[in-house]
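Q: Taken from Swiss-Prot, the feature active site, proton donor covers GLU133. Marked as [4Fe-4S] cluster binding site by Swiss-Prot on the basis of sequence analysis: CYS12, CYS103, CYS198. For HIS43, HIS81, HIS131, SER226, ASN228, SER271, the entry in Swiss-Prot reads isopentenyl diphosphate binding site, with the evidence type sequence analysis. According to Swiss-Prot, the feature (2E)-4-hydroxy-3-methylbut-2-enyl diphosphate binding site maps to HIS43, HIS81, HIS131, THR170, SER226, ASN228, SER271, an assignment based on sequence analysis. Among the features that Swiss-Prot reports, dimethylallyl diphosphate binding site is placed at HIS43, HIS81, HIS131, SER226, ASN228, SER271, with the record citing sequence analysis.
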Amino acid sequence: MKIVKISPRGYCYGVVDAMVIARNAALDTSLPRPIYILGMIVHNKHVTDAFEEDGIITLDGPSRLDILDKIDSGTVIFTAHGVSPEVKQRAKEKGLTTIDATCPDVTKTHDLIEAKKAEGYHVIYIGKKNHPEPEGAVGIAPDIVHLIERADDLKTLEIPTDKILVTNQTTMSQWDVQHLMEDIQKKFPTAEFHKEICLATQVRQEAVAKQADVADLTIVVGDPKSNNSNRLAQVSQEIAGTKAYRVADVSEINLEWLQGVENVAVTAGASTPTPITKEVIAFLEQYDPMNPATWERVRKVPLQKILPRVKVKKEQ
């Protein structure tokens, strides 16, 4: 079996930065305890489990405000997906120490929404409902930001001005966003468009589109909650024309997928730890359908190998 290692794949700078911020927080003895992450720091359970070992507690819930209600003291880390001004204000009112790990690409979108609100615009925001990134973006200006996920949402959308900005969640499929923007243009011809697919997401999607077409199967390594991982599987199927499955790690690979397969493409979401992806590749490289000794699929990567290394500051 030939393995096509799609490149680039895996961690983006925003994810690594967020994890380094959280690791440094865990090592900072001056920060009030306990230390919480408001939702998953990045959408990968292996990462959140590793942070639990570091003493950082991940809390999840239907919204960031709901999660904040569970916290009475300590330090709160805002995730890479960003939060609304209301969340920041609520944390301040509760007397919590806050650390912001928002991805710079997300912050750029928030700043754009604020600037356009000041100019009297309404904003159509393309994103996934119940995902934390759109929650934070809509929360920047909930009175003028309209979240849509698919073309059907446009049917009932009415906006009381011709001053309209269209932007999007950074981890969406660039092809889905383009198609939706074309539909929006037809209904709102005066709209201005700012496509905000982050560069890391874009190049990973384009790599799958161009490199997975030679494979019989694509395996995307990523968490089920990771939107960018799910979009990579979608791109493989819809753009490259190659059947795709998403797995959290090697243990989720179904041997039936590999029957009759000669070429397997492997990629990974931007929040997927590199050792987890390497373990998947190593399994596929040694797999022999005629040798049961090669069929074992057990994640063996220790949690301490998941998180990026940080330098411990020496006391003066």
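Using N, Cα and C of the backbone, Cβ positions are placed for all residues, glycine too.
For the listed features, I'd like the structural context: burial, neighbours, distances.
A: Cβ environment of GLU133 (active site, proton donor): HIS81, GLY82, VAL106, GLY127, GLN169, THR170, THR171, ASN227 lie under 8 Å away, each six or more residues apart in the same chain.
All protein chains considered, the CB of CYS12 ([4Fe-4S] cluster binding site) has 25 other CB atoms within 10 Å.
According to DSSP, SER226 (isopentenyl diphosphate binding site) sits in a coil region rather than a helix or strand.
HIS131 (isopentenyl diphosphate binding site) falls outside any helix or strand according to DSSP and counts as coil.
Shown in sequence order, TYR11, VAL15, VAL42, HIS43, ASN44, VAL47, GLY222, ASP223, SER226, ASN228, SER229 are the residues of the chain, 6+ apart in sequence, with a C-beta less than 8 angstroms from the C-beta of SER271 (isopentenyl diphosphate binding site).
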Q: Give me the Cα-Cα distance between CYS103 ([4Fe-4S] cluster binding site) and HIS131 (isopentenyl diphosphate binding site), rounded to a whole Å.
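A: Cα of CYS103 ([4Fe-4S] cluster binding site) to Cα of HIS131 (isopentenyl diphosphate binding site) measures 15 Å after rounding.
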Q: Applying a 10 Å Cβ distance cut-off over all chains shown, what neighbour count does HIS131 (isopentenyl diphosphate binding site) have?
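A: Its Cβ has 19 other Cβ atoms within 10 Å.
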